[in-house]
Amino acid sequence: MLQLRFVKGGLTFLGVKRISVLNAAFQSTQRVEYKPIKKVLVANRGEIATRVFRACTELGIRTVAVYSEQDTGQVHRQKADEAYLIGKGLPPVQAYLSIPDIIKVAKANEVDAVHPGYGFLSERSDFAQACTDAGVRFIGPSAEVVRKMGDKVEARAIAVSAGVPVVPGTDAPISCLTEAKEFSNKYGFPIIFKAAYGGGGRGMRVVRSYEELEENYTRAYSEALSAFGNGALFVEKFIEKPRHIEVQILGDKYGNVVHLYERDCSVQRRHQKVVEIAPAAQLDLQLRDRLTHDSVKLAKQVGYENAGTVEFLVDKHGKHYFIEVNSRLQVEHTVTEEITDVDLVHAQIHVAEGKSLPDLGLKQENIRINGCAIQCRVTTEDPSRGFQPDTGRIEVFRSGEGMGIRLDSASAFQGAVISPHYDSLLVKVIAHGKDHQVAATKMSRALAEFRIRGVKTNIPFLQNVLNNNQFLHGTVDTQFIDENPDLFNLKPVQNRAQKLLHYLGHVMVNGPTTPIPVKASPSSVDPVIPPIPMNEPPPGFRDILLREGPEGFAKAIRQHKGLLLMDTTFRDAHQSLLATRVRTHDLKKIAPFVSHNFNNLFSLENWGGATFDVAMRFLYECPWKRLQELRELIPNIPFQMLLRGANAVGYTNYPDNAVFKFCEVAKENGMDIFRVFDSLNYLPNMILGMEAAGRAGGVVEAAISYTGDVADPTRTKYTLDYYVNLAEELVKAGTHILCIKDMAGLLKPKASDMLIRALRDKFPNVPIHVHTHDTAGAGVASMLACAHAGADIVDVAVDSMSGMTSQPSMGALVACAKGTDQDTGIQLEKVFDYSEYWEVARGLYSAFDCTATMKSGNADVYENEIPGGQYTNLHFQAHSMGLGNKFKEVKKAYAEANKILGDVIKVTPSSKIVGDLAQFMVHNDLNRENVETMADELSFPLSVVEYLQGYVGIPYGGFPEPFRSKVLKDLPRIEGRPGATLPPMDFSKLETKLKGKYDDITPEDIMSAAMYPKVFEEYKDFGTQFGPVECLNTRLFLEGPKIAEEFEVELERGKTLHIKALALGDLNKAGQREVFFELNGQLRSVLVKDTQAMKEMHFHPKALKDVKGQIGAPMPGKVIDIKVKEGAKVEKGQPLCVLSAMKMETLVNSPVTGTVKKVHVKLDMHLEGEDLLLEIE
């Protein structure tokens, strides 16, 4: 028996039937006068307004646009013949819902028809009626039909009366939560709330349990009220995993109705359609017939005229259920137009004029399906963040085009501003092909051609949908997106060109991103690369290493006749002279020349040590990529790196497994020889590093750090016996090569002879390698002395990168050894060519060149014992902290600091500790006596405190007392090897964390993050913002281009950007400047914040020295940690806060016991020396 539901305030079944009969009788006899339309107003915005305007223009009809105050820059108002502001003073959406304003514009401008588009007022019967009352035709169904179809409950009743199956649901909008509970009790969960007066997924919520009911009811009501002005909801039984199939219908004023087949809209997210297809893939023909038949029957039942859509759910058994009628044009009408060749907007206008469907040639038997069409809605949404809408300025817009592609766009153009006020639709892309697969291929190609920069889009997600096997070859249901989480494995958008423009603009406006110690511009002259043969480079010692392994390699080195050289130009030389700032860009250019002409080098030192973190920290490039690229360019010469024992390439202790893993990854990426040292010659730390390098398959070169003077009998701490005994331990531990690392250049010729001769006599079969610096100018003499005494290898740098704090001159040693037993076999002419390249290249780094302030070497190094690499860094560090004019005092203080700390071996990181203490002494006007006397009151640099705690290791001869106890007080002390007690590093956890934050994380990235977590994070964030800056030449990297300068940037082989800097704009109200470029012949611009202009003047109070409770900053820096709060009780010596400046952290301790009265600083605040930190009373 037919069960009839009665609609509240609506029609009974008999009433509906009577109206239907009357309608049919009226339509069969009425004669409608044909009235051509001359002017159409579109009561909408964006792409649908433009779509209608285009159709009107084709028909010779004049067009009128309306726009809100927020839409003055929208394209739709420019596409119309006339445009008028509506909704002045109203919120953005409400402006387009202002019926009086729209009618007023229509009447004032002799508009004879209004097209509602979709959304906004398109399904509001009162709007349709208002148009009719004003004598303006409404291009759509009659107001009565709009009312019936817009009320989904009444539409259900009409469907039931027409014999169309419906989903079980309420007969009328529910008035309260209780009714929803009653429905769920009767039909069970899941259920779905739907807005009674609108669609598009708004006001729609699926509820699966009682616990979710109240919250979802409230949310659905609120959404419906906001979107449609009416929060009325009705409830239906929710059908699991249906297909969403809709049928396009078209009716006229004479009772004729045709269908234009179906569309599959099952690919949807949160009930909003994402991809639409026509016709539906693999749809049973009988089911198609039922769907189209029921759609036409329902339309005729209500006397439907104009375009509309009948929507159905199809369950897994092939049963279909009516859900609603959209009495308007749909967003996805485009795919129907493509497969039927029917212009639906033309048809809408002609029907509104009074033409019949037969007049338009639209008879059902003439409408055929031609191929397949797919529509993708490109939106400014970020799929990786739950499709969160993105706003901002479109900096680049390039669309996909070509055969079979149609674009219906809104305001999609370069310079367009995407506001948060409206729908995020940017452009609809429609692909048409002979079948589903062909259309999908065309769509994929078109989407790949798009370049949209400045805002995020859903294109990567759409590409994943189109490449999904189920989408291509099967059928999808409404759960398709939810059940395919791999759709969210988004291929990152590179956006390299635009990011580089942002970087260049930033440098042009704000200056270099890397700290510049000296105001000097890079040379305008680029270095010339010497001629390089086209053939493969000749064999070198690496061929022996690969063939015979580390042991065979060491044996070959020992048996070699003549002196072997290691070239430090690629690492230690520029660390010593140019503050480690040489970029991979300049190393790569000369690398092939080195490979072809210096194949008989023992090795090339090019990695590790300070270059590792500086690459990320200041050059914004990947140290691993440097290693990989140089390895590819120099396959024949062994590479050597600096490994700080248990500290790897860091300044702290790492878990043992981290050191082993680092060496393993380094070896896999092309490293050959590991020079392993410890900053204190602490044997346990060295042996750990040796074991890690050896297990990785590398050549182990254990390096003894040299200090003192073995030829001076008054220097009794580091004697000849000390070095020989330590060497013996290292040889026992299995080193392949023994190295003397004279990091300060303290080896004089006599000491060189004594030390090397003693080692050679003790270890006749072990290769000996000597490293020094030429700070005092005696480097060449000392290395020749080492060679005569039996050294196999000495370190040199190419002439233009040698001397002073760098290594001795390659050319000088080659020339001096020529024709002797120590002949290097290197051609001096090639050294000259090599040197000429670096002489010019060095000019690019003039802002970092030690010669800016140092004009020569200095023999006072024999007194202060400052390592060569640190000498330059310390000098620049002193300048950056305002101590440049006191560098002589810094050097003197360095010697005193060394004595305070017990005369330690000085090499990174111990040398840094001594340097930190020296600068602290100079800045606070302290001498050795002051420091030792006041040790329990002073706030020492954090590095000094941690050294005394034992975090670096145990120095030879032990820690200085009572200095250590006075500084540490009750702080904990580390006994034994610091890293031994650290828990193993969880690399899987670290990998998961990194992959959750960044795209394309490699094993090398994981190691970088393990060594330098914060530096790596900043490096990755910089790359995300500014792109591959390593592709820029060094002058552009440091100071950016000059106006009107043209240049090229090679992103990768075969992809080169042609860029011209055009202009720098004035400061705008937001503190930005617009920087204009020409990129590949097209105008581009970027907005750059002027950091200087945006700074607010800040005057920070200074600490009063005569007030004991006022604690001032001991040096300039940034506040990175605050350890106390106002009102806290503190003890004398208790840590208060931590400051950081130029890689040096300082722990500020309380000089008194008391209560914190006030904290004057905040995190990340930049301070000057003596700025007030806290007050203690």
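Cβ from N, Cα, C; glycine included.
These come from TrEMBL:
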DOMAIN    36-486  domain 'Biotin carboxylation'
BINDING   LYS152, GLU236, HIS271  ATP binding site
DOMAIN    156-353  domain 'ATP-grasp'
ACT_SITE  ARG328  active site
DOMAIN    563-832  domain 'Pyruvate carboxyltransferase'
BINDING   ASP572, LYS741, HIS771, HIS773  Mn(2+) binding site
BINDING   ARG644, THR908  substrate binding site
MOD_RES   LYS741  N6-carboxylysine
DOMAIN    1108-1177  domain 'Lipoyl-binding'
MOD_RES   LYS1143  N6-biotinyllysine
Query - Pairwise Cα distance for ARG644 (substrate binding site)/LYS152 (ATP binding site) [Å, integer] - result: 74
Requested in this report: Using C-alpha positions only, work out which of the recorded positions LYS152, GLU236, HIS271, ARG328, THR908 is nearest to ASP572 (Mn(2+) binding site).
Outcome: THR908
Requested in this report: Over the span of the domain 'Lipoyl-binding' (1108-1177), count residues by DSSP class, listing helix, strand and coil in order.
Outcome: 0 helix, 38 strand, 32 coil
**Report entry** Non-site residues, in chain order, whose CB comes within 8 A of the mean position of the CB atoms of LYS152, GLU236, HIS271 at ATP
**Finding:** GLY169, ILE192, PHE193, LYS194, ALA195, MET204, PHE234, ILE323, GLU324
Requested in this report: Can you figure out which of LYS152, GLU236, HIS271 (the binding-site residues) comes closest in space to HIS773 (Mn(2+) binding site), comparing Cα atoms?
Outcome: HIS271
Query raised in the report: Near the Mn(2+) site, what residues other than ASP572, LYS741, HIS771, HIS773 in the same chain have a C-beta no further than 8 Å from the centroid of the listed C-beta atoms?
Result: THR568, ASP742, MET743, THR772, ASP795, GLN807, PRO867, GLY868, GLY869
Report task. List the same-chain residues at least 6 positions away in sequence whose Cβ sits under 8 Å from the Cβ of the residue listed as 'active site', in sequence order, or say none. Result -> PRO116, GLY117, TYR118, SER122, GLU123, GLY140, ALA307, GLY308, THR309
Query raised in the report: Residues with Cβ closer than 8 Å to the Cβ of HIS771 (Mn(2+) binding site), same chain and 6+ apart in sequence?
Result: MET566, THR568, ASP572, ARG675, ALA703, CYS739, ILE740, LYS741, ASP742, MET743, VAL794, ASP795, GLN807
Query raised in the report: Among the binding-site residues HIS271, LYS741, which residue has the largest number of other Cβ atoms within 10 Å of its own Cβ?
Result: LYS741
Query - Candidate with the highest Cβ count within 10 Å, taken from the binding-site residues ARG644, HIS773 - result: HIS773
Query raised in the report: In this structure, which of the binding-site residues GLU236, ASP572 has the fewest other Cβ atoms within 10 Å of its Cβ?
Result: GLU236
Query raised in the report: Between HIS271 (ATP binding site) and THR908 (substrate binding site), how far is it from one CA atom to the other, in Å?
Result: 61
Report summary line: Around the Cβ of THR908 (substrate binding site), other Cβ atoms found within 10 Å total 25
Report summary line: LYS152 (ATP binding site) has its Cβ surrounded, within 10 angstroms, by a count of other Cβ atoms equal to 25
